[in-house]
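Q: The compositional bias 'Basic and acidic residues' annotation in TrEMBL covers 1-32. Here TrEMBL flags 63-141 as domain 'RRM'. The feature region 'Disordered' is assigned by TrEMBL to 1-57.
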Amino acid sequence: MSESGERTRDERDGGSRRRRGRGFDGRARDADGDGGYDVMEYGESEGDRARSASDPVRSAQGWVILVTGVHEEAQEDDVYEAFADFGEIKSLHLNLDRRTGFVKGYALIEYGSKDEAQAAIDGMRGESVLDVPVEASWAFVRGRTRDRRD
């Protein structure tokens, strides 16, 4: 019988059909009648400190920062020299405009450690490359979590 007390079609037919999928397996439900899924809040995982929505997230290879305000005629060497003082740069990418061939105005720089990337963000605050002020920030941040709907 279903939770409402009515017999389902499968029960009337002798229960010959087996339903599969989420919500049909009674063993997967816990004592509350809720599904077997738990919601984790920030800071609940082992060894993890409480995190906010603006905390950086590590990419697959390292810590990536986004540099905006890059001069359109800047070369990789210009940006590399400005950011190499803060740590070993694993990769640097300047995106080019297909039509003009000039830099689109931003660069992605990857560092091996979070401390090096944070030092670059802090160290370049108010600085300029090719006489143009640039701003550096984290490329990947945790972001807002969705509210759980009951």
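Cβ atoms are placed via backbone N, Cα and C, with glycine included.
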Q: What counts of helix, strand and coil residues does DSSP assign across the domain 'RRM' (63-141)?
A: 21 helix, 32 strand, 26 coil
Q: Looking at the domain 'RRM' (63-141) alone, can you tell me the average pLDDT?
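A: The answer is 93, the mean pLDDT of the model over that range.
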